[in-house]
Amino acid sequence: MTQSQAIRKQLIVFDFDWSLTDQDTDRYVLEVNAPDLRRKMKDLGSEVQWTDLVTQSLEELHKRGVTREQIEHSLKIMPFHPAMIRVVSAVKAAESPITSFICLSNANSVFIETILKDKGLESLFDEIITNPAEWDPSGLLKLRRRIDPNGPQHNCEVGCNANMCKGAELTSFLKRSDQTSFDRVIYVGDGSNDYCPVLRLRSQDIVLCRRYRGLEQKIIKQGGLKCQVIYWAGAWEVEEILNKL
Ligand SMILES: [Mg+2]
Ligand SMILES: [Zn+2]
């Protein structure tokens, strides 16, 4: 790419589930520890707000005696491609361009940090923007929505689900970090909730869109993107793409 000479400073934004990783944390933890709750989650998915549903499932796991160690173990064995570890480590270590990483995820801080630490990536991200969670002393993982359900909600008109508008989160990150300082933004995502932030990218920015999932469908059906789109299916292709950019 000839434009790469002009890129001194770039931002790479990663969605977490099915983007940095090869699975979905909320679902996988239940698939490993309580498949009946995984089924219940699928059945109730359209009625109960997603983060509330995960919160309830974690409470039920705790009631059944599933321990913190068991939950952490399931996160550590969750599929995570070695090519992804290689490429983000290499891009972060490179002197040119200088790359900052942030994570935008509707999972939660504990799931994400547990996995990053296990993969030696705990210092990858400057910011992890997600739902807050913490272990209480009894081993219950207490999870809360990022946006307090009793306070003002986001006012996204693109169609983001309740609790998180990743577009608004990206805009607010760029504002507080001085938007003009990034010559290029690269967004790696797969889900329909990655569409809103991707719509806000500029012509010099790039989305790395995972194939066969919600984001690809939205891009095809609704379009409207100003940024360049590069499709991928396996993490080894993200490695190839980022090494060339
Ligand atoms: Mg995702
Ligand atoms: Zn939105």
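Glycine is no exception: its Cβ is also placed from the backbone N, Cα and C atoms.
Nobody curates TrEMBL annotations by hand; they come from automatic prediction.
The active site, nucleophile annotation in TrEMBL covers ASP15. If you look up TrEMBL, you'll see ASP15, ASP17, ASP190 marked as Mg(2+) binding site. Annotated active site, proton donor per TrEMBL: ASP17, in sequence order.
DSSP gives ASP17 (Mg(2+) binding site) a helix state.
Shown in sequence order, PHE16, TRP18, SER19, LEU20, THR21, ASP24, SER105, GLY189, GLY191, ASP194, ARG210, ARG213 are the same-chain residues outside ASP15, ASP17, ASP190 whose Cβ sits within 8 Å of the Cβ centre of the Mg(2+) site. The residue listed as 'active site, nucleophile' is 8 Å away from ASP190 (Mg(2+) binding site) when you measure Cα to Cα.
When secondary structure is read from DSSP and collapsed to three states, ASP190 (Mg(2+) binding site) falls in the coil class. In the structure as shown, the Cβ atom of ASP190 (Mg(2+) binding site) sits within 10 Å of 21 other Cβ atoms.
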